[in-house]
Amino acid sequence: MPPKEESSKVTRRSTRSSASVTVENSEPIESHTPTIDDLTFGEESITIDAVLSNFPGRRSQIFDFIRLMGPLDCPTLPIMIYGGASTGKTSVVLQVLRHLNRPFVYSSCRTCYNPRILFESILNQSLLHRKCSLNGYSSAKRCDKPSDFVNLLREALSSVIKTLESTSETSRSDKPDEKPMGKMVYLILDNVDLIRDWDKGTIILQFLFSLYTVLKMPQLGIILISGLPPDVYYSNMGYTDPIPLYFPEYSEEDLRQIFLRNQPNRKLYSAFLDVVLKPFCRVTRRVEELSTTFSLLFRKFCEPLDDLGISPNEDMKRRLYSHLKPLIAHCLNEIFRVSSHPHDGETRGERRQKASYSSENREELEILDFHMSTSAKFLLLSAFLASRNPATLDASMFDSTGGMDNRKRKRKASEKSMEKKEIAEQEAVMKGPGSFPLERLLAIFQCIASVGDSSFGEEDEEEENTTGYDKENNNLMSDILLQVSSLCDANFLIKSGSCPLEGSIRYRSMVSEDLAQKVAKSLSFPLSKYLYRR
C-alpha cells in the first residue's frame with residue numbers, strides 16, 4: 001500500500017485495493033491543504049455490527065483488538081497483529097480504526113522498501129504534507145538515519161497531538177453527535193516481516209521495536225502487522241515486547257460465509273461450494289487464490305442453466321457436478337503449482353513452474369527438466385503413493401509379488417458397481433490427496449527403493465561392475481530426513497498438521513500424477529503397478 005499522502009481524500013483508505021491505486025494528480029487534489037481530518041478515513045464511521053459482518057470468522061480477533069486499544073485517550077502498549085497471508089489482518093485493523101474514528105499513520109514495508117522511504121512516508125503523514133507538483137513531489141523532510149527520524153517524528157507527533165487536543169475541545173461543543181477522535185495517534189507498520197530482507201534489516205527491526213520506549217510518548221500507539229510470529233523478532237535489546245494478537249487461517253465454514261456474501265442466488269452458490277470448497281481447502285485457504293479459481297469454476301458450473309435464479313434440487317446438483325468434474329482436477333493441479341518465494345528469484349520460480357502440471361505445455365514436459373537425487377525421487381514417489389492409495393492396501397500393494405496382481409479375472413461391471421465407483425470417484429475428488437505419517441512414508445520408501453535397487457543391481461551384473469550400485473545402495477537411506485525437509489521447502493510435500501492421538505506430524509503430497517509419472521520414468525520404476533485405481 002502506498003504512503004497515505006498520495007491517496008485522495010474522498011476514497012481515503014476505504015479498502016486495501018483502493019488504497020493501492022495510483023491517483024491521478026489533478027488541480028483540485030493539489031490545491032487541497034491537508035488537515036488533521038486526513039489522519040482518519042475522511043468518511044462516516046461504521047458500526048461494530050458492520051465490521052463484524054464484513055469479516056466472518058474474525059469476531060474474537062476484532063473484539064480482542066478493540067480491547068487492547070482501550071477506551072478513548074487510553075495509552076496502550078505496542079500491539080503485534082500476526083498470521084498467515086490473506087487472513088484479514090490489515091483490513092480488520094483499518095476498519096476497526098474507522099469504526100472508532102481514531103487518527104492514524106499507515107505505512108507498508110512492501111511499498112516503502114527501504115528505511116529512507118519508510119521514514120519519509122511516516123513523517124509526511126505526521127506533518128500533514130502531501131506530495132504534488134507544487135512542491136516538486138518532494139518529501140517534507142529528508143531522513144536516512146534512525147536518530148534523525150526519532151527527533152523529527154517526536155516534533156511532528158507533538159504538533160499533531162496539540163492539534164488533536166484543540167480539535168477535541170472544539171468538536172464537543174460544535175458537533176456533539178459526532179464520534180470524537182481523541183488525543184491519541186496510532187502508527188501502523190504493515191508487512192514488518194519484509195524488513196528482515198533489507199540491508200541491515202535486523203538493526204532497523206530492533207529500532208522499530210524500541211521506538212515506543214525511545215519516544216516515551218503515551219499519546220502514541222504502535223501497531224505492527226506481520227506474517228511471522230513475535231518469536232522470530234526476539235532480541236535482548238530491552239525494548240517493550242509488543243502484545244501479540246494471532247489471526248489464524250480461515251476455517252472451511254468461515255470461507256463459506258465469505259464467499260456467500262453478496263451472492264444474488266445463495267442457494268445456487270451454496271450448492272457450488274458443496275462441491276468445490278472441501279477439496280480446494282486442503283490445498284490453500286487464501287481467499288484471493290480461491291476467489292480467482294472459484295470465479296472460473298462457477299461460470300462453468302452454471303453453463304447448463306438457463307435461469308440463474310433457480311434453487312437446484314438433488315438431481316440438478318448431480319448433473320451440474322458431472323458438468324464441472326473434468327475441470328476440478330485441472331484447477332486443483334493449477335493451485336498445486338509451486339510458486340517461488342519473493343526472495344528466491346526468477347530462475348527458481350521458473351524451474352518450479354516447469355515442474356508443475358499444465359495441460360498447455362504437457363508435450364514440452366515429457367522429460368524431467370530439473371535435477372533431483374535418486375533418494376529424493378523415490379521419496380517423492382513414496383509420498384505420491386501414500387497420498388493416493390488407501391493405507392489399508394499397503395500390505396497387498398507392497399507384498400513380495402511386487403504390486404497389485406493385474407492378472408485377476410475381470411468381471412462385467414454391474415450398474416450398481418458402476419454407481420458405487422462413480423460415488424467413490426466423487427468422494428476422492430472432494431477429499432483431495434490424503435495425509436500420512438512419516439512412518440508410513442518411510443515404509444513405502446523402503447519397499448519401492450528396494451525394487452529400484454533390484455533393477456539397478458541387474459544392470460550392474462550385466463556390466464560386471466557393482467561398485468556404483470553398492471555405493472548408491474549404501475547411501476540411499478543416509479539423507480532421507482534431510483530430503484523430507486527439502487521436499488517440504490520446495491512445496492512438493494506440505495505438513496498438514498499433527499494427529500491428536502499419535503502426536504506425530506502428518507504430510508500430504510502436492511505432486512500431480514503427470515509429474516510423478518515423469519519421475520518414475522527417469523528411474524525406470526513401474527509406478528502404475530503400485531497405484532490404486534478405483
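Cβ atoms here come from the backbone N, Cα and C positions, even for glycine.
Keep in mind it's a predicted model, so treat the numbers as computed, not measured.
Feature annotation (Swiss-Prot): of 141-172, 397-428, the stretch labelled region 'Disordered' is 397-428. Among the ranges 57-64, 129-136, 353-360, 497-504, the stretch that Swiss-Prot annotates as motif 'Nuclear localization signal' is 129-136. DSSP classifies Ala85 (ATP binding site) as coil under the three-state reduction.
Ranking the binding-site residues Gly83, Gly84 by how many Cβ atoms sit within 10 Å of each one's Cβ puts Gly83 at the top.
The binding-site residues listed here are Thr87, Thr90; among them, Thr87 has the most other Cβ atoms within 10 Å of its own Cβ.
Those same-chain residues not listed among Gly83, Gly84, Ala85, Ser86, Thr87, Gly88, Lys89, Thr90 yet with C-beta within 8 angstroms of the centroid of the ATP site C-beta atoms are Gly227, Phe247.
Sequence-distant neighbours of Ser86 (ATP binding site): residues of the same chain at least 6 apart with a C-beta under 8 Å from its C-beta are Arg285, Arg286, Val287, Glu288, Glu289. Classification of Thr90 (ATP binding site) by DSSP places it within a helix.
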